[in-house]
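Residues or ranges marked as Mg(2+) binding site in Swiss-Prot: ASP488, ASP494. If you look up Swiss-Prot, you'll see 555-614 marked as domain 'KH', on the strength of sequence analysis. Here Swiss-Prot flags 624-692 as domain 'S1 motif'.
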Amino acid sequence: MFNTHKVEIEWGGRPLTLETGKIARQADGAVLATYGETAVLATVVSAKEPKPGQDFFPLTVNYQEKTYAAGKIPGGYFKREGRPSENETLVSRLIDRPIRPLFVDGYKNDTQVVITVLQHDLENNPDILSMVAASAALTISGVPFMGPISGARVGYIDGEYVLNPNIDEMPESKLDLVVAGTSEAVLMVESEAQELPEDVMLGAVMFGHKSFQPVIDAIIKLAEVAAKEPRDFQPEDLSELEAKVLAVVENDLREAYKITEKQARYAAVDAAKAKAKEHFFPEGVEETEMSAEQFATIFKHLQAKIVRWNILDTGNRIDGRDLSTVRPIVSEVGILPRTHGSALFTRGETQAIVVATLGTGEDEQMIDALTGTYKESFMLHYNFPPYSVGETGRMGSPGRREIGHGKLAWRAIHPMLPAAEQFPYTIRAVSEITESNGSSSMATVCGTSLALMDAGVPIVRPVAGIAMGLIKEGERFAVLSDILGDEDHLGDMDFKVAGTEFGITSLQMDIKIDGITEEIMKVALEQAKGGRVHILGEMAKAISSSRAELGEFAPRIEVMNIPTDKIRDVIGSGGKVIREIVEKTGAKINIEDDGTVKIASSNGKEIEAAKKWIHSIVAEPEVGEIYEGTVVKTADFGAFVNFFGPRDGLVHISQLAADRVAKTTDVVKEGQKVWVKLMGFDERGKVRLSMKVVDQETGKEIVAEKKKEEVDAE
């Protein structure tokens, strides 16, 4: 019934298995991949024909984690998986980026890649395995995919590169880098690092590329026995038509791309396109030498050619800069004084307002992952409204691009945040992109760094980011610093680097062509370093280090530690005690399992009141000390006084006053405030108090009678 094929190799000290022919046989390609005991199923389906009028390649990658893979049942009312989590979205993008450039130019059939995590061993992260499985499924599907690709995760532990470190090893690593590519070239890099130098980062990329070669060989081996017949797809030869269109539009496009202002340049390009359309599609003529779709493809191609020719021939870019110049920068902080921290970062025609907000442990984000539930105390959200590029568009929940850009900026900032013990706040940064002409994610990095410093968050060092580009024709190439949006779309590489003056904290690279050598990447990293240091200098004109004090409207958090056996006393039955403390003091209180107590309020008096209350619950009274208390009950033999948090003690009738007392209520009444001295504990551990050795007016001990009365009490 099944015609199965399997390939197994040893990779990074664990078995990697690729199997096809048994599951999802109606898909164009399906591969069950297992690494260690983590298993994923990747499927590929591509439509037989493109939709009429389709002028782009509609590729969708869906990565989905099933909770049963880790032996869990989903939370919530419906008890089933819902909308994609942030991690699922990020992994979908991680897989999409290296495979998208490898589909044959001109292929426009609707294509969907679905990767499902079926089993998670809680050791091997399924993201790299999912990339490998997707590549294998595409390679055997018959779809015009010029792969295969593979990916690898690279760690850096004790000065050594580590291939595919497991989940337990990652906290020790100074690097979390994912690299993907073909056997010849690197196509994609994504990383977070602890201020590592450029040569270490480049070494990690090359180490990863070398390490995944056995996987590519395994995919080829599987394809040799299991691949379907390649689809009969031949890309159109548009060279003759392109030459005709070029003759009409070249001069107009060259002039348009001399205009430095974005909107005016776009208007000139649109005018050139309209003029060419009139030439090739005259009114009233039904039969033309090319279709509208062919014209759109050719015009887009010519736009790229003219920009690229100009850069390589003259060294001048669209906006008149040379290859390494960064656009003018203006940095401002404190622009929204009622917020906890704020910044406006403007670089050329790219601008971001970033606002930092500080919260307590109650504000931490609860994340339910396959590996377990954990809390995240730093959030960075990136918003890209359509007005930022002068357009109308959909508003609402964030899209994949916004989630991806936010995470890239998060990775850049995260290594420079203070430890929770030093700064016990939850931090949320929100970047509102108000203008965009290239590299808005790196503007978010710069703006977030400024806003956090304005908020008084003691980051280790300021962080800046820069986007690099590449134009390559044959042996000639040009590396561009601080690319515009057009240079991103029309170039061969988008290379974002963020870090401090001492090293890189985040790196993201997407390469659209083969042949990017180690030498080119080295040039790009060095050029990026110069740009990054320049940007840090411009940012320092606004603020160079974190403010010494938090903003006026930010909450204050103080931390105290209590014995773990006292946690129950502070919380009380059903939370009664802690609710009372919160209600009466106004402070927010968070108690952790290790006895760490965080008390938060914007009012210092509320914090002190809560601290004093908690201290009174957990502290032990000391023999010989004097306390103020309240009479809670009277009896024939004395009075019970609440004197130390919830603790009560007995003042025997003989200890109420220096003179003989006939009746307890002659001296004290319930609710009366009194001063008492802790004399000790009886054989049953009961508290013994005395009022007569304390001056009830001043609360001071009556020294003259101290020795005699203490003897009497004993």
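Heads up, the Cβ atoms here are built off N, Cα and C, so glycines get one too.
In the three-state DSSP reading, ASP494 (Mg(2+) binding site) counts as strand. Its Cβ placed at the centre, ASP494 (Mg(2+) binding site) has 21 other Cβ atoms within 10 Å. Per-residue confidence over the domain 'KH' (555-614) averages out at a pLDDT of 91.
Mapped onto three states, the DSSP output places ASP488 (Mg(2+) binding site) in helix.
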